Amino acid sequence: MSEPKSLKARPRASSLKQLEGDPAHHLAGSFVPQTPLESAPLSKRKSTTGQAGIDEAQSQGFWSNIRSMQWMRVPTSSLKLLAIPAVLYVNWQILAPALPNPFASVLFISHKIPGTPTEKPLYQKGYNDIPFVLYYIIMWSFVRQVLVLYIFRPFAQWWGIPDGKLDRYGEQGYALLYFGFSGSWGLKIMSELPTWYYNTKAFWIGYPHWEMIAELKWFYLLQMAYWMQQLLVLALRLEKPRKDYNELVIHHIVTLWLVCWSYLVNLTYIGNAIFVSMDIPDAFLAITKLLNYMQLENFKNVMFVIFIFESYFRHWLNLLMIKSVWDEFHLMPETSKQWNPPTGAWMVWWMQYQVLVPIVLLQLVQLFWYFLIWRILYRAVFQSTLVDDERSDDEDEPVEKAGKKE
């Protein structure tokens, strides 16, 4: 599609400035001031079916959705997929209760360590974790679409948010619930571990930490399923790509590298700490975006400032963990500094860098977005006139409409 003449006529800004002011950018775009609610009476606004709603309405049937991967966007199809192992599990329990249920490992965590207390069992990793994660990829797809289609989109329409922003509002609503839940849960789990509160030496002392409390294993595998589902959405282009598509792909790949590799090599303590440091500020970020869509400017500004200071989690604590990998790696027992997977030990000397690199990469991506946030805050405070003039009715509109004052 050819660019408008107005865009061709003016000098191009740097790619960083384009991302910062681009309404289609997943981070900065949500802070571009939205169309005022009073600009069009609610009674005169025509509601159209958003992209997520179109997917449900145009569903070609269960098997067709399976083949095309549209089950990730059509909740009725994902619900049917979820129901199959659940029904088989219940039938087995009824018909053969004395025999081990082969479907239990799909629905529940497995590999309980024999001899551990019934009231507080311990678990290890194993091959049954694979079908569990695959099942909960489907579960997250179902939960996400139900929340977006049937809760957040209707609420946004009732509030009077423009049609072009309904899906984005729904996505941020889902992000708020997910990261609020996972951040709080991860913090609770950390309180039961020797790593509380960011006692980084405990990441290494006593390694390998192959025994997991039940909550830690649930938490880890559900996080793994969530990020795999998110990466599938990006890779299959099930949503219209944002302008920072490449950065999002890198972020998701690095996150999966961290969660899968740390689970495999028994570094779940540091993995839990990283999740907490990332999920809590993500919840605050989602709140600021929702308030901005709703035009609650005073609340949004307060939450935006809170988010900036909550970056203590995202940056300071992650730098603390990077320092721990570099300086405290040697604290693990000498017997663990070998490649001996049957005993749970993987930490030969070069594994220090295998742990360090993805955390550093994740921090670099976060610093890129962090810089954009600070520039947005600076302009909102010191260049309020320019920011107020940068209005956009649709997050997917061309760059020049939101950034013509650049």
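Heads up, the Cβ atoms here are built off N, Cα and C, so glycines get one too.
Taken from TrEMBL, the feature domain 'TLC' applies to 164-382.
Under the heading region 'Disordered', TrEMBL lists 1-51.
Tertiary neighbourhood of the transmembrane segment (79-99): same-chain residues 62, 66, 71, 106-107, 135, 138-139, 142, selected by CB-CB distance under 8 Å and a gap of 6+ residues from either end. The transmembrane segment feature in TrEMBL is assigned to 79-99 (among others).
What TrEMBL records for 132-152 (among others) is transmembrane segment.
The transmembrane segment annotation in TrEMBL covers 173-198 (among others). Within the chain carrying the transmembrane segment (173-198), a Cβ under 8 angstroms from the stretch's Cβ atoms is held by residues 143-144, 147-148, 151-152, 155, 205-206, 213, 215-216, 219, 222-223, 226, 269-270, 272-273, 275-276, 279-280, 282-283, 285-287, 290, 317, 320-321, all 6 or more beyond its ends.
Taken from TrEMBL, the feature transmembrane segment covers 218-236 (among others). Below 8 angstroms of C-beta separation, residues 69, 72, 109, 129, 132-137, 139-141, 144, 178, 182, 185-186, 189, 212, 245, 248-249, 252-253, 255-256, 259-260, 263, 268, 271-272, 275 of the same chain, each at least six residues beyond the ends of the transmembrane segment (218-236), sit close to that stretch.
Among the features that TrEMBL reports, transmembrane segment is placed at 248-264 (among others). Within the same chain, residues 26, 125, 220-221, 223-224, 227-228, 230-231, 234-235, 242, 270-271, 274-275, 346, 354-355, 358-359, 361-362, 365 sit at least 6 positions outside the transmembrane segment (248-264) and bring their C-beta atoms closer than 8 Å to a C-beta of that stretch.
Look at TrEMBL and you will find 346-372 (among others) tagged as transmembrane segment. Listed as Cβ neighbours of the transmembrane segment (346-372) (distance under 8 Å, sequence separation of 6 or more from its ends, same chain) are residues 16, 19-20, 25, 27-28, 207-208, 247, 250-251, 254-255, 257-258, 261-262, 264-267, 270, 274, 278, 311, 314-315, 318-319, 321-322, 325-326, 329, 332, 336-340.
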Residue numbers, six or more beyond the limits of the transmembrane segment (132-152), whose CB comes under 8 Å of its CB atoms: 52-53, 56, 71-75, 78-79, 81-82, 85, 105-110, 167, 169-171, 173-174, 177, 221-222, 224-226, 228-229, 232
Integer mean pLDDT for the domain 'TLC' (164-382): 88
